[in-house]
Amino acid sequence: MTNPFLNLTYEPALESLGNEFFDPVSAATFPEHKLRFRNDRLLPMLGLEPSQVKDDNFVEAFGLFHGVRPFLALRYHGYQFGEYNPNLGDGRGFLYGQVRGVNGELFDFGTKGSGQTPYSRGGDGRLTLKGGVREVLAAEALHRLGVKTSRCLSLVETGDSLWRGDEPSPTRASVMIRFSRSHIRFGTFERLHYHHQTEQIAQLLDHVIVTYYPEVSGSNSDDSAHIAFFRVLVERVAKLVAQWMAAGFCHGVLNTDNMSITGESFDYGPYGFVPTYDLNFIAAYFDYGGRYRFGNQPAVCRWNLERLQVSLSSVIPSKAMTEALEDYEKIYLGYYITLIARRLGISSTLGDRLDPELWEKLVGQTLQCLAQSQWSYPDFFAQLRLNFSPSWRDNADLILENVDLLGADWSTWRSIYQQVLKQLPPESLAAVPTVLEQANPLTDLLRPRIETVWQAIAEDDNWQPFNDLVQKLQSGN
């Protein structure tokens, strides 16, 4: 039987731009190939029926790396913790291939942990198994929370033993396939700007617009398309950060080389979900100054856009980009309020019917109470989903009556929430439970849960807790 992955039509979209953007590389060979995760939910997007794709097909394509060539290690630079670093590039992965989904969109298969490249900088090019497990879990959790994100297509344990300073060593190794819209980063353009490659900047930008920004690719002139692209990118990034903040997600390392040009979450290795609403929460243990703390994500992503503005200034008028950036905070705040309101059961379609000041007041009071009380951030929204009753509209004292509301002015919050519910027409009030269910998963992905899953794997090679958690994260239960 032929391998469905090897029969896909791979497009040389990025490869066709020329070898200025990548280096051809080979995959490492591994002593073992154990499939630990396969994401059957992604297969229909590729026109594949999960029942027709065997585990061995995943291993052959994404563990043994048979059948597809060339593999491309992409070149890029980046600002890391605010300092420019020209010594970057794909150091432990490559672009495996690009395929069209059934919806006509182009998707990347990118590896992580597939061996050394010219950009490994002395590293072994490998991925720890724990790192792979963590990314699988985060991607599925973010997707269920409605956050635009890359996903993991497969995770193969390789049998290698790795030494890491931040993990008990030796530790197990893996190779992962990341499924995303693109692996072109802000840092891809920054590298071209650093080398004064104006023609290549224009070439890559036109490729990005045609491939990932069809809504602006039909503009009457290159200038108008380029300006429109940057405006849409600013909007995408602002909304993405709003999604992170509403989800309680801290990326961890928002260097410009970890920012996708499509406005999609990826490369969030040291991520963390906030246990409580704490703007000073830091996900990465090495973020000593708190540059990438939870509450600083909106500001640092705007800073990253400003760095990209410099790199694109040879192609896009700087004034036009500055004007686009002036809308960043407004877009972010408006979308963030909408998302928090949704987590409170109020859908965006109802927003036009509500008093906007009351809506903002509810969101503000909610966040203030969560910060003061230090109630578990995911548990608060889960309790709303589990306990909501239409009777709350008529009696504020009934709102979360079975939950101890301590440590903050919850009585004021109850009063405001009741006022909002009173504004809803009957059909909208009836829809609140559905909105709450869609917006608020019952299973969190806080660090203790991840560590429990990992300990079962590390100590007993027991993958059942991991599989159970993936299923819960995907379903929202």
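Positions of Cβ are set from backbone N, Cα and C atoms, glycine also.
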## Note on the structure
ATP binding in Swiss-Prot involves GLY89, GLY91, ARG92, ASP124, GLY125, ARG178, ARG185, ASP267; of LYS112, LYS148, the partner in that site is LYS112
### Message
Just checking a number: largest C-alpha distance across GLY89, GLY91, ARG92, LYS112, ASP124, GLY125, ARG178, ARG185, ASP267 for the ATP site, rounded to a whole Å.
### Response
23
### Task
Across all the protein chains here, work out how many other Cβ atoms are within 10 Å of the Cβ of ASP267 (ATP binding site).
22
## Note on the structure
CB contacts under 8 angstroms to ASP124 (ATP binding site), restricted to the same chain and 6+ apart in sequence, sorted by sequence, are ARG92, GLN116, LEU162
### Task
Using C-alpha atoms only, work out the spacing between ARG178 (ATP binding site) and ASN258 (Mg(2+) binding site) and round it to an integer in Å.
14
### Task
Check ARG178 (ATP binding site) against DSSP and tell me helix, strand or coil, would you?
strand
### Query
Tell me which residues of the chain lie with their Cβ under 8 angstroms from that of ASN258 (Mg(2+) binding site), as long as they are six or more apart in sequence?
GLY78, ARG185, HIS251, PHE266, ASP267, TYR268
### Task
Could you round the CA separation between GLY89 (ATP binding site) and ASP257 (active site, proton acceptor) to a whole angstrom and send it over?
9
